[in-house]
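Asker: Quick paste of what Swiss-Prot says about this protein:
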BINDING   GLY491, GLU492, CYS494, ARG501, THR502, ARG542, ARG545  3',5'-cyclic AMP binding site
CARBOHYD  ASN290  N-linked glycosylation site
INTRAMEM  297-318  intramembrane segment
MOD_RES   SER634  phosphoserine
REGION    1-47  region 'Disordered'
REGION    45-90  region 'Involved in subunit assembly'
REGION    353-780  region 'Interaction with KCTD3'
REGION    549-569  region 'Disordered'
REGION    687-780  region 'Disordered'
TOPO_DOM  1-96  topological domain 'Cytoplasmic'
TOPO_DOM  118-123  topological domain 'Extracellular'
TOPO_DOM  145-170  topological domain 'Cytoplasmic'
TOPO_DOM  192-200  topological domain 'Extracellular'
TOPO_DOM  222-252  topological domain 'Cytoplasmic'
TOPO_DOM  274-296  topological domain 'Extracellular'
TOPO_DOM  319-328  topological domain 'Extracellular'
TOPO_DOM  350-780  topological domain 'Cytoplasmic'
TRANSMEM  97-117  transmembrane segment
TRANSMEM  124-144  transmembrane segment
TRANSMEM  171-191  transmembrane segment
TRANSMEM  201-221  transmembrane segment
TRANSMEM  253-273  transmembrane segment
TRANSMEM  329-349  transmembrane segment
Amino acid sequence: MEEEARPAVGDGEAATPARETPPAAPAQARAASGGVPESAPEPKRRQLGTLLQPTVNKFSLRVFGSHKAVEIEQERVKSAGAWIIHPYSDFRFYWDLIMLLLMVGNLIVLPVGITFFKEENSPPWIVFNVLSDTFFLLDLVLNFRTGIVVEEGAEILLAPRAIRTRYLRTWFLVDLISSIPVDYIFLVVELEPRLDAEVYKTARALRIVRFTKILSLLRLLRLSRLIRYMHQWEEIFHMTYDLASAVVRIFNLIGMMLLLCHWDGCLQFLVPMLQDFPSDCWVSMNRMVNHSWGRQYSHALFKAMSHMLCIGYGQQAPVGMPDVWLTMLSMIVGATCYAMFIGHATALIQSLDSSRRQYQEKYKQVEQYMSFHKLPADTRQRIHEYYEHRYQGKMFDEESILGELSEPLREEIINFTCRGLVAHMPLFAHADPSFVTAVLTKLRFEVFQPGDLVVREGSVGRKMYFIQHGLLSVLARGARDTRLTDGSYFGEICLLTRGRRTASVRADTYCRLYSLSVDHFNAVLEEFPMMRRAFETVAMDRLRRIGKKNSILQRKRSEPSPGSSSGGVMEQHLVQHDRDMARGIRGLAPGTGARLSGKPVLWEPLVHAPLQAAAVTSNVAIALTHQRGPLPLSPDSPATLLARSARRSAGSPASPLVPVRAGPLLARGPWASTSRLPAPPARTLHASLSRTGRSQVSLLGPPPGGGGRRLGPRGRPLSASQPSLPQRATGDGSPRRKGSGSERLPPSGLLAKPPGTVQPSRSSVPEPVTPRGPQISANM
């Protein structure tokens with residue numbers, strides 16, 4: 001800057017020291033000082049310049065979009081001229097707040113003073129009017145230097161000429177008339193004592209014009225500016241948006257109604273006063289002309305509220321024509337305000353819980369649909385219960401909401417909502433976080449009722465399921481059901497082999513599941529080929545241990561792996577983890593159940609099922625062969641199977657090892673869980689697998705001194721969560737045991753000794769019967 005300024009100086013001044021800076025251009029000086037004249041001291045100029053510019057805060061970032069845009073707007077203010085005020089600056093915010101409070105005071109005080117006060121030259125009244133007129137005049141001047149927000153084009157006018165032109169064309173005339181300092185004129189020339197009645201009435205008319213100023217300020221502030229105030233206060237006090245907006249709207253409605261009643265009450269007394277209280281007006285008829293202003297205001301307010309609420313005429317019906325017209329005007333304004341208040345209040349109440357309102361509207365349509373098709377009562381009840389458990393009284397368009405969000409925010413929400421599912425599944429714990437996120441973003445939430453078939457035997461597998469909450473049973477022909485509960489998954493082998501379901505899966509309780517379609521499953525595994533290899537490796541290992549083979553999986557495993565050496569390590573880790581969990585079922589001592597945690601097991605196969613159910617899911621495949629522990633049946637409750645010892649879940653990354661603590665738990669319903677029931681002396685059920693697929697069942701008698709009750713077909717439970725003994729185990733043609741009365745033994749079976757228990761005596765237990773077919777070792 002100095003190099004450019006030196007040629008303009010004379011030759012005699014060329015030796016001026018460099019520290020003496022030549023005077024800068026006016027525009028450059030204003031830009032350096034933030035739009036403040038150079039005559040002000042440097043610290044004050046910078047401080048004032050900062051107050052006149054928009055600051056970087058949440059509101060400015062929402063308006064302009066970025067820090068860079070805010071800086072550009074600040075540069076616009078600096079280059080616009082001296083004392084140009086940005087409409088979003090801190091100075092304008094505090095000034096508008098002061099004007100808002102002063103405006104509310106004028107809205108309340110001025111009507112009362114103009115209507116009821118006769119002595120208008122008292123010091124308090126003069127001070128109030130002088131301060132009000134001063135602030136209104138200052139606001140009139142500042143409006144010429146404040147940028148104007150053009151709502152049509154979302155543009156902010158900062159050029160002085162553009163601001164002046166637009167303000168002169170809009171609200172300048174109204175502001176000028178309403179800002180005439182009448183009290184200044186009375187104080188300076190002292191004309192008020194010498195004014196006649198007509199001039200005095202003219203002065204009152206000028207005071208009434210002050211309402212135009214107040215209304216113009218309301219329109220200048222704009223509703224958006226009021227919302228901006230409340231948003232900034234909300235951020236300061238850390239209030240939630242819904243609560244803050246609801247409270248503000250309620251206060252706005254109540255305040256507007258009270259303010260209109262206040263104005264109407266003052267108007268009811270002002271009109272008779274301007275007519276010098278004629279004999280047919282309500283003030284003269286009630287002899288209230290010389291009463292105190294408080295009494296007059298109270299009666300006027302009561303009369304106005306009676307009209308506005310349409311509940312009567314007050315103390316008496318109107319007689320004179322002015323009172324009649326005032327009454328009609330009050331009724332019209334009151335009816336309009338009442339309708340607006342009811343409408344806003346209704347909309348406010350509905351907006352407070354819009355999701356529940358949408359649910360109620362949707363369920364009304366469902367009820368009409370059920371009535372139109374004349375559905376039976378039990379079906380209607382199931383539909384009602386489904387909606388209650390699926391939506392829980394609130395309905396959201398979740399796909400639309402998540403689709404409008406950014407991808408990182410959508411992934412964060414999905415990870416948070418599915419955190420319980422991820423925490424219960426070691427498959428996700430051992431997998432890449434990107435794989436977990438890719439799977440979770442493609443899951444679909446589903447709800448099933450007790451008795452619903454989630455998977456039907458013989459159908460083509462198009463989905464796999466992850467269990468968030470609930471209890472399900474795997475059913476196959478001629479086989480006992482196997483339990484699935486929180487944290488388990490099933491159906492992945494059919495997606496890998498594109499085969500058919502070999503068993504059905506039934507919901508025993510209300511189940512909240514997440515499904516993954518075959519297309520999404522393959523898309524995720526194509527993106528993460530190492531996880532496909534891991535799925536296939538674990539599936540083949542499980543099928544191999546139960547003597548099953550799958551040509552499709554073998555062919556895929558023979559193909560070269562596209563992954564690195566770390567993928568093979570992960571596969572070995574998953575397979576080893578799977579085998580360790582399977583061996584943990586056999587290695588658990590019978591007496592350790594009481595010392596372990598009471599958390600229910602994730603897999604609880606009650607009996608060994610035939611080999612045909614092995615491929616239903618990779619988790620079931622292990623559960624079918626590694627359950628060696630006996631399952632006692634309580635003599636006091638034939639319908640309940642009791643856990644004699646803690647059993648580990650089947651080895652699977654999807655079913656983690658969770659110990660069980662034996663404890664008393666009564667079966668309170670058809671779906672009562674049996675994973676934490678005690679083990680009283682009773683018969684125990686054991687089944688072994690044969691290559692022919694037949695379940696060979698035998699019963700072990702209770703220890704000496706134990707009692708027993710008859711196990712008949714009528715005592716079997718109806719619930720799938722409490723399966724019973726087969727009828728051939730308690731047939732009428734089976735031999736009875738000595739001394740047991742009504743107890744019966746199966747016609748044939750294999751007697752097995754539970755691990756860690758004492759073998760009953762030969763007098764109480766018959767010799768084991770050799771099965772017809774060869775047995776598969778459980779240690780496979």
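Placement of Cβ uses the backbone N, Cα and C atoms for every residue, glycine included.
Fair warning: this is a prediction, and the values are worked out from it, not measured in the lab.
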Asker: Given ARG501 (3',5'-cyclic AMP binding site) and ASN290 (N-linked glycosylation site), what distance in Å do their CA atoms have, once rounded to a whole number?
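Answerer: Computed Cα spacing between ARG501 (3',5'-cyclic AMP binding site) and ASN290 (N-linked glycosylation site) is 97 Å.
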Asker: Under the DSSP assignment, what numbers of helix, strand and coil residues are found in the topological domain 'Extracellular' (319-328)?
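Answerer: The breakdown for the topological domain 'Extracellular' (319-328) reads 8 helix, 0 strand, 2 coil.
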Asker: Just to be sure I understand, if DSSP states are collapsed into helix, strand and coil, how many residues of the topological domain 'Cytoplasmic' (145-170) fall in each?
Answerer: 10 helix, 7 strand, 9 coil
Asker: By a Cβ-Cβ criterion of under 8 Å, what residues six or more beyond either terminus of the topological domain 'Cytoplasmic' (145-170) are in contact with it?
Answerer: 73, 76-77, 80-81, 83-87, 92
Asker: Given a 10 Å Cβ-Cβ cut-off, pick out the one of the recorded positions ASN290, THR502 that has the most other Cβ atoms nearby.
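Answerer: Most Cβ neighbours within 10 Å: THR502.
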Asker: For the transmembrane segment (253-273), which recorded stretch in the set 97-117, 124-144, 329-349 gives the largest number of Cβ pairs separated by under 8 Å?
Answerer: 97-117
Asker: Please report the distance from the Cα of ASN290 (N-linked glycosylation site) to the Cα of THR502 (3',5'-cyclic AMP binding site), rounded to the nearest angstrom.
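Answerer: That separation, Cα to Cα, works out to 99 Å.
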Asker: If we skip the immediate neighbours and take only residues 6+ beyond the ends of the topological domain 'Extracellular' (274-296), which ones have a Cβ under 8 Å from one of its Cβ atoms?
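Answerer: Residues 112, 116-117, 201, 204, 268, 303, 314-316, 318-320, 322-323.
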Asker: When DSSP states are grouped into helix, strand and coil, how many residues of the topological domain 'Extracellular' (274-296) land in each?
Answerer: 9 helix, 0 strand, 14 coil
Asker: Near CYS494 (3',5'-cyclic AMP binding site), how many other Cβ atoms are within 10 Å of its Cβ?
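Answerer: There are 23 of them.
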